[in-house]
Amino acid sequence: MTTRKRPLALLILDGWGYRENTQKNAVFHANTPVLDQLNAKYPNSLISGSGIDVGLPDGQMGNSEVGHINIGSGRIVYQELTRISKAIDDGEFDTNPALTKAIDDAIEVNGAVHIMGLLSPGGVHSHQDHIEAMCRLAVKRGAKKVYLHAFLDGRDTPPRSAKPGLAHFEELFKSLGTGQVASVIGRYYAMDRDNRWDRVSQAYELITEGKSLHQSATAVDAIEAAYTRDENDEFVGSTVIPDAQGNIAKLVDNDALIFMNFRADRARQITRSFVDADFDGFERAVTPKINFVMLTEYAANIKAAIAYPSSDLVNTLGETLQDRDLTQLRISETEKYAHVTFFFNGGKEEPFKGEDRILIQSPKVATYDLQPEMSSTELTDKLVAAIESTEYDVIICNYPNGDMVGHTGNFDAAVKACEAVDTCIGRVVEALEKVGGECLITADHGNAEQMTDESTGQAHTAHTSELIPLIYVGRDAEIENGGRLSDLAPTMLTLMGQDVPEEMTGRSIIKLKE
């Protein structure tokens, strides 16, 4: 006979921060009777999900990858942004074997060094300082043909903020005496993670064939033309920028292609289009034989050189539950599925023993303000059924709405997104109460609580560094102040009566009352 389990659920409300200022604060203005009631009835606090508390530079906004790694590992994990910036500062970057080999091999056959990545100071998927270091390294080692394919942000940065960065790189190449910004395209196309291959194909064709919707004389001209077309950075259509002789840079056999994004989830699809022999996402007109370098490991089954391999995280929450013969469920929509699985497990693709996964398809809409509830009802249907089954000791669930709709900059839609999640939380808590379960309700970082940039008046589409909520719906308890995301796994294990592995340096911040 199967033992009925009383699950402990962790509900992660993605992009749901706390902000004192109520202006254009979608979290504040949303009608959220369920969460209001839970806050009034149960222990709650605010915890940190940004900066040094999650292994990022001081003041750097958190993000979903970082948040889930810190939650799942139960320790502060120093992030790739910090790690690579330090390597550049120390000079180690200039001797990195994967990078130097790709450059040198291209030079040896008179090939080109192509560099692609999100040209942004956002620090979420990449940093333009890293891209500059890569351009300088290629020229320093003797490359005569250096081509930068710039993916534009406007999501982790203000919607129209790419121009200064593009101007800087044009001046950089002039000062270096070689190299050019060869193409620009919005991240909406180049960095899709939801199998919308029609978008990715536009970036692939731009880089391999020089095929584009637009052509401009300079990168600055390209962004100005995009703004004239009313395209924000994220949505800039494919634009090729010929050199002074009118030549268009195309990726060909024996060239190097170095991808300077350090975050995996939005780097995987376009990487596979370049390196997978059996790729079938779209029809590729050309498949050049190139030396491809991933800045970090985007997936274990992608066959390409890695400049900075992942460090192994052991005794994460998922692994600990496995080792103690406890069952666990991970559930989310497509947009955040990798976060509750791959990232939560410390960068491991394969499920642990006793770990089940449920993926709910995110709606196929151009932007999520068109459907702010996303697939939350279907997600909650599956989650409630899993709770009622009493099969799981631990359930990890992510509701993407606050983040995905927050990124659109649409305040009214973000309010609706928060309201949809609140309704779902009510159903989940009711199901848990019926089976004697408990839950922690928290977030991974802020977003929807700030929908306008107060300094510019533009829509605010980026994450924030605000504190995030934590509610314990369970026994009589107190929550200590000063908590961080890395405290959640030790707290969960303690609530379950389990010992905390020594690798988890977070602390249990919920103290049960006698």
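Every residue, even glycine, has its Cβ placed from backbone N, Cα and C.
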- Item | Binding-site annotation, Swiss-Prot, Mn(2+) 2: partner of Asp14, Asp444, His445 in Ser45, Ser48, Ser64, Ser486 | Ser64
- For the substrate site that Swiss-Prot gives with His125, Arg155, Asp156, Arg187, Arg193, Arg263, Ala264, Asp265, Arg266, which of Lys41, Lys336, Lys353 also belongs there? Lys336
- Task: Going by DSSP, give the three-state secondary structure for Asp403 (Mn(2+) 1 binding site).
- Result: helix
- Query: Can you tell which of the binding-site residues His125, Asp156, His407 lies nearest to Asp14 (Mn(2+) 2 binding site) in space, using Cα positions?
  - Reply: His407
- Query: Looking at the binding-site residues His125, Arg193, Arg266, His445, His463, which one has the fewest other Cβ atoms within 10 Å of its own Cβ?
  - Reply: Arg193
- Query: Which residues, same chain and not among Asp403, His407, His463, have a CB within 8 angstroms of the centroid of the CB atoms at the recorded Mn(2+) 1 site?
  - Reply: Asp14, Gly15, Asn63, Ser64, Arg155, Asp156, Gly402, Met404, Gly406, His445, Asn447, Ala448, Thr461, Ala462
- Item | Which of Asp156, Asp403, Asp444, all binding-site residues, has a Cβ with the fewest other Cβ atoms inside 10 Å | Asp156
- Note on the structure: Between the C-alpha atoms of Arg266 (substrate binding site) and Ser64 (Mn(2+) 2 binding site), the distance in angstrom, to the nearest integer, is 12
- Query: Excluding Asp14, Ser64, Asp444, His445, which residues of the same chain place their Cβ within 8 Å of the centroid of the Cβ atoms of the recorded Mn(2+) 2 site?
  - Reply: Ile12, Gly15, Gly49, Gly62, Asn63, Gly67, His68, Lys336, His339, Asn398, Asp403, Ala443, Asn447, His463
